[in-house]
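Feature annotations, reproduced from TrEMBL:
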- 1-35: region 'Disordered' (REGION)
- 17-30: compositional bias 'Polar residues' (COMPBIAS)
- 52-372: domain 'Adenosine deaminase' (DOMAIN)
- HIS57, HIS59, HIS237, ASP318: Zn(2+) binding site (BINDING)
- GLU240: active site, proton donor (ACT_SITE)
- HIS261: site 'Important for catalytic activity' (SITE)
- ASP319: substrate binding site (BINDING)
Amino acid sequence: MDEAQAYRDTIPAAPHASSNTPTHDASTNAPVDGPISAAASKATVEMLRRMPKAELHLHIEGTLEPELALRLARRNGVTLPWKDLGTLRQQYEFSNLQSFLDLYYQLMGVLTTADDFRDLMLDYLDRAAADGVRHAEIFFDPQVHMANGISLDTVMDGLIEGLRIGGERHGITGSLIVCIVRDMPVDSAEALLDRIALRVGDLVGIGLDSAEVGYPPSLFTKVFARARRMGLRVVAHAGEEGPADYVGEALDLLRAERIDHGCRAIDDETLVGRLVEAHVPLTMCPLSNLRLNVVDDLRDLPIRRYLDAGVIVTVNSDDPAYFGGYIGDNYRALYDIGYTLDDLARCARASITGSFADETRQRALLEEFDAWHATAAIEGTARPDSTLA
C-alpha cells in the first residue's frame, strides 16, 4: 500500500446503504426488489472509481484534514484550541452552513507558507487521482488568507506548485478559481481584484462563495463585470440555502457560466427551463447538502428531477475533509440510493464538457471517458446503447 492510499484509508467512510438494505429506484423512490448482490455492488463501485471525471466544485481549504491541520499548526507554531486529533475530529460536527464556516475559517489559520498550500494541494490531488479525477477546477479564498496576514503570492505560488507536482505525479490537469467571500465587504472584493490583476494569467475564473442568505449576487454585480473584463470565466454559489431568485441573479447580473449547488432552482419552473436552454451546468455536492442540512435525505435532492428535465448536473465534493466524503464517495452515495451507472456516467461526462479545460484537453478527456464506457458496457455494468451526451 502506498503512502497516499494509507492516508486515504484514514478518511471516515461516507454514509451508504448496507449490503442487506434494499436500494431505491431514483426515478420513483420505490424500493428495488431485494438487495444488490455484494459482487455486483463491488464491481460497480470499482467502475465508478475508474470512471474518468472532472471535479468542478472543490474548495481547496475544505480538503484540510484534521491530521494535516495539526501537523501544519505544529510546523508553523500556530496555537489551536484542540491539542489532539480526537478532540479536533469532534469539532467536525455541524448543524448548518454557518457553524461549518466558523471552524473552516479558524483552521485556515494554520496555512501560512507556500509549502503549506503546496502540501494541501498535493494531498487533495492524491485523493482525487484515486477517485478517477482527471481534471480539477479548484476554488480558493484569498481574502481570508490576506486578512490573516498571508500574501496573495504566497497562497497562489504554493497552490500552483502543488498543481504542477500533482499533475506530473498523476496526469491530472487543474486550474484555479479565485472566490469572492460574499459575507465580507464589497470593498474587500474590489481590493482583491486589484491584487489579482497582476496574476490573472494564473487563474481560469472567479466565483462567489461563503454564507449565502442575506448576501445576494446582486451585491457583486460591478465586481464580476470587472472580472469578466479581465478575462475570467464566471461561476457562482447560488440556491444552496438561498432562494431560486439568487440563481436568477447569478445568471442575469453576474453572467455565471456555471451555478454551484443550485438546489433551490427547482422551485422555479421557468428558471429550470432557462438552465436547460442555456446549457448551464449545476455543480452539485450531495454529501455536503446532507451534512449541512440543506436536505434531510439524499433522496430529497432534486438531482433526478433535474436530469429528467434535461439540466446538466455534475457531482462534486465541495469541502470533503469536513463532510466525510471525497468525489468518489459522493458518486457512491448516489449509487446507493438507486442512481444507475448510466445516470452517474452522464454526470461524469457532463463534468468534462462543462469544464473550462481547453478544447484539446476536453477532447482527450472524452476519449478516456469513451474508452472507459466501452469497457463498462463489456463488463455488464452499463448499457452498451446508453446515450450520455
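Placement of Cβ uses the backbone N, Cα and C atoms for every residue, glycine included.
Considering only the recorded positions HIS59, HIS237, GLU240, the residues lying within 10 A of the residue listed as 'substrate binding site' on a C-alpha to C-alpha basis are HIS59. Cα proximity to GLU240 (active site, proton donor) (within 10 Å) is found for the following recorded positions from HIS57, HIS59, HIS261, ASP318: HIS261. Using a 10 Å Cβ-Cβ cutoff, HIS237 (Zn(2+) binding site) registers 30 neighbours.
Taking Cα separation as the measure, HIS261 (site 'Important for catalytic activity') is nearest to HIS237 of the binding-site residues HIS57, HIS59, HIS237, ASP318.
Confidence in the domain 'Adenosine deaminase' (52-372), given as mean pLDDT, stands at 97. Under the three-state DSSP scheme, HIS237 (Zn(2+) binding site) falls in the strand class. In this view, the densest Cβ surroundings among the recorded positions HIS57, HIS59, HIS261 belong to HIS57, judged by other Cβ atoms lying within 10 Å. Around ASP319 (substrate binding site), taking its Cβ as the centre, 23 other Cβ atoms fall within 10 Å, counting all chains.
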